[in-house]
Amino acid sequence: MHEAKDTSDKPKFTRFISMAAFGNEEKAKALYAFSLPSIDTAVEIPPGTTPSPFASHDRSSKKRAHDGSYSRFQQDERDHRPRKHGRHRSPPPGPDKCFFCLSNPNLSAHMCCSIGDESYLATAKGPLPASDTFAKEGLNFPGHFIIIPLSHAPTVISMGDPTDAESTAVRTYKEMTRFRESLQAMLAKRSEYKLGAVTWEISRGRGIHAHWQLLAAPADIIRKGLVEAAFKVEAENLSYPEFQTTDLTLEKQVEFGDYFRVWVWADDGDSKIKGTSLVMPLDPDSRFDLQLGRRVMGKLLGLESRLVWQNCVQEEEEEKEDVEAFRLAFKEWDFTLT
Ligand SMILES: [Zn+2]
């Protein structure tokens, strides 16, 4: 399906279907029946849409430059705010071009650590901490992960009915939570409770492929409330909506709409677990800094030189070594192995 060129503000779509010649010897499909969508539904960009093949070269080069910002394992989902002056936005990438979809042939498969039934776990490309940042806490890998649903959908809630325990949405949410809790437990145990974890997600209806980022962080700064404070201060500086301390269940998300969430977790080894969830409601049309989580945590951890993930990309060999080291550490907690 292609986005066709048009001069109005509203995107229009053309569906191209290749058919064989009528009466061909191979008996390939030569007839196709379809119903036309209504005007209203045509305004939403349908899934699987590709750019117009008739767009100018100038536009395609701009598109390539734009695509460069949407990279695997980082929250660089493209901003789909409607543009002014009648210019068209490109459609979001489909699964073949999505850097979180396992079906993408260009996927960095060597960064996948564990694949479950509904989601998978990967190490972050250009991780915020280096492989030795948490060496004295017992980590020989960066401790920055992405938990990714297998379904290509902008939010978990868009995957199905949150009240149906068998729906893809519920099953995906449960398994992503299981990955998060397994990672938290591994980090605490391995570091002798010196490390906790901070997980964040941007959930927006116009996103591309939902995912959570999980980062190891010193347990003492979590226990002292410094992580929550840092997120709140940054939100205030940027005049973002205020954070709410709430446990946003999947069912509640239906009414909540778009949001940015941070889970802060630390265990002191004495069964005193600190677990907080901060949620910032987001207006669907507002701008939001997709690197907020990384920036707040980078400043807090004194990793200012590593705020831009593109500057931290490792050689493939190093990425493989980190995955190997992590897999060994995670073996005991990896529920997909049993
Ligand atoms: Zn995808």
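The backbone N, Cα and C atoms fix where each Cβ goes, glycine too.
Just so you know, TrEMBL annotations are computer predictions that nobody has curated.
Feature annotations, reproduced from TrEMBL:
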- 66-80: compositional bias 'Basic and acidic residues' (COMPBIAS)
- 81-90: compositional bias 'Basic residues' (COMPBIAS)
- 94-224: domain 'Cwf19-like C-terminal' (DOMAIN)
- 258-336: domain 'Cwf19-like protein C-terminal' (DOMAIN)
- 42-95: region 'Disordered' (REGION)
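DSSP assignment over the domain 'Cwf19-like protein C-terminal' (258-336) gives 36 helix, 18 strand, 25 coil. For the domain 'Cwf19-like protein C-terminal' (258-336), the mean pLDDT of the prediction comes to 95. Counting residue by residue with DSSP, the domain 'Cwf19-like C-terminal' (94-224) contains 37 helix, 31 strand, 63 coil.
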